[in-house]
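Please read the structure below before turning to the comments.
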Amino acid sequence: MSDNTPSYKVAQAVGILASAFASGGILSLSTLTIPALTLPGRSETIKSDTPASSPSHITHQWLNVYDKGKIIFPSLALTSAVAYSYLAYTLRHTASAGRVGRLYLIAAATTITIVPFTLGVMLPVNKRLEAHATRDDAAEKEGKEGMAMSAEEEAKRAREDTEVPGLLEKWSYLNAGRSVFPLAGAVIGITAVLFY
């Protein structure tokens, strides 16, 4: 197959755009969304670093964003990886197969690395934030959200609440690091298109 066919050109565009879009979307969560969620309340007289919303509300918002992102970004990465793999496959019997084909395979592998990175590195932080966000869900379903708690339970909840800003900061840094994988995939894909 020639590397000048419409399907080849479309696959190049899809691979590069999907990985670049995934990278930008992932990075925006760390640079825009999390800082906005943790903004302190606006006050003319009292300056504070304490978020205006409760830790429970913030983690609920984070969980909403995370639940959407865990569908969107792996799907974009997979789409990109499939496009890059298709490009490598179409070159298998051509003079360009070696160098360019390897670049496309490297771009595919690099882009889809967001999935194992999430599962291997970010999962403990994700689980703790999700547990915090959903800790009252069962009580709400049973109509017991207003019930009195023991002093131990209140102390535990207060301790969990104080951990939320640090967990969000850690998640934000890890997530920003995760955005580098699809960005690298896009750069490698562009390199394959422009220089070979």
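Think of each number as a place in line: the chain as shown, counted from 1.
Using N, Cα and C of the backbone, Cβ positions are placed for all residues, glycine too.
According to TrEMBL:
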COMPBIAS  134-145  compositional bias 'Basic and acidic residues'
REGION    134-161  region 'Disordered'
TRANSMEM  12-34  transmembrane segment
TRANSMEM  71-91  transmembrane segment
TRANSMEM  103-125  transmembrane segment
TRANSMEM  176-195  transmembrane segment
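Counting same-chain residues at least six beyond the ends of the transmembrane segment (12-34), those with a Cβ under 8 angstroms from any Cβ of the stretch are 62, 65, 69, 72-73, 76-77, 79-81, 83-84, 87, 104, 107-108, 111, 114, 168-169, 171-173, 175-176, 178-183, 185-186, 189-190, 193. Same-chain residues lying 6+ beyond the ends of the transmembrane segment (103-125) with a Cβ under 8 Å from its Cβ atoms: 15, 18-19, 22, 26, 70, 73-74, 77-78, 80-82, 84-85, 87-88, 91, 167, 170-171, 174-175, 177-178, 181-182, 184-186, 188-189, 191-192, 196. Long-range Cβ contacts of the transmembrane segment (71-91) within its own chain (Cβ-Cβ under 8 Å, at least 6 residues beyond either end) map to 1, 3, 8, 11-12, 14-16, 18-19, 21-22, 25-26, 97, 100-102, 104-105, 107-109, 111-112, 114-115, 118, 181-182, 185-186, 189, 192.
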